[in-house]
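A.B. asks: Please read through the structure below; I'll follow up with questions.
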Amino acid sequence: MYHRMVEAFKFMFALRSQLGDTKCDDCDGDAVWSVVDNMTSINYAAYVKSQISDDTTHNVSYYRADYATPPSDHGTSHISVLGPDGMAVSVTSSVNTYFGSKVVTGDGVILNNEMDDFSSPNITNSYGLRPSESNYISPGKRPLSSTCPVVAVKRSESGGTQYLITGASGGTRIPTSTAQVIWRVLSLNEPIDEAIEASRLHHQLLPNQVQVEASFPDDIITYLESKGHNVTKDFNYAVVQGVHVNEVGVVSAHSDSRKQGQSVVVT
């Protein structure tokens, strides 16, 4: 399972290189929407499944990415909220890197440096990443982001329904960490606190290595290495927040201890 997950992450980051704003005057919105429609289709899911080799991984060119992945951010926060009437909100907000632009207004507001999320033609940024044409700067354009606030609904054959409100902070690790928590809660039926606290892995195609947390199980590392993956210990991490409602309506919430978070009930 972990090998297939890593391979799916690599295909995901390859397609990410073709995404960008769809609404600015200089944007090719139709082209971006074409990518989005394709990557969310059943046919593309079947294609990715067919391209995953169960016995080995592949070099970067196999995944057909247009560029390297974007830099990590360190100025992001996420909150997941469930109201007494069942309304759910999942919100991710960011000033991008640590303390954003490092400029504070007289009112104490830290200004962001979200412009750093754009690519620039012929310029490799300070993280050594190549530019992506679909994410070039232009007037009125929004930069590409890794944020993925989620409200997920799973209906069982017995008629019950589960709800999961989740999301994360942590740059390019946001989508991979959020996906692992969703998988653990809705597929493995783990309690949300265990799912969030479980050790995680990450792959963003470039660098071409599986990055695992220090506590990640050694037997799974050995298994991934047997498939040809280069596995390294990584001390960066995403921080996930989540609320889960099970099929009988029991509500559980957890805030990631990786950043000393805490879930609360407000009455």
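From the backbone N, Cα and C atoms, a Cβ is placed for every residue, glycine too.
As the structure is a computational prediction, the values presented were derived from the model and not from experiment.
So TrEMBL lists the following for this protein:
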- THR76: active site, nucleophile (ACT_SITE)
- SER94, VAL95, ASN96, ASP117, SER145, SER146, GLY171: L-glutamate binding site (BINDING)
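Describe the structural context of these features.
C.D. replies: The Cβ of THR76 (active site, nucleophile) lies under 8 Å from the Cβ of THR92, SER93, SER94, VAL95, ASN96, THR147, SER169, GLY170, GLY171, ILE174, each of which sits 6+ residues away along the same chain.
In this structure, ASP117 (L-glutamate binding site) is part of a helix by DSSP. Other C-beta atoms found within 10 angstroms of the C-beta of ASP117 (L-glutamate binding site) number 20, with every protein chain shown included.
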A.B. asks: Taking 10 A as the limit, how many CB atoms besides its own sit near the CB of VAL95 (L-glutamate binding site)?
C.D. replies: 20
A.B. asks: What is the Cβ neighbour count of ASN96 (L-glutamate binding site) at a 10 Å cut-off, with all protein chains included?
C.D. replies: 21
A.B. asks: Compute all pairwise C-alpha distances among SER94, VAL95, ASN96, ASP117, SER145, SER146, GLY171, the residues listed as binding L-glutamate, and give the largest one in whole angstrom.
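C.D. replies: Overall maximum Cα spacing for these binding residues reaches 13 Å.
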A.B. asks: Return the residue, from the listed binding-site residues SER94, SER145, SER146, GLY171, with the maximum count of other C-beta atoms within 10 angstroms of its C-beta.
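C.D. replies: Compared across SER94, SER145, SER146, GLY171, the most Cβ atoms within 10 Å surround SER146.
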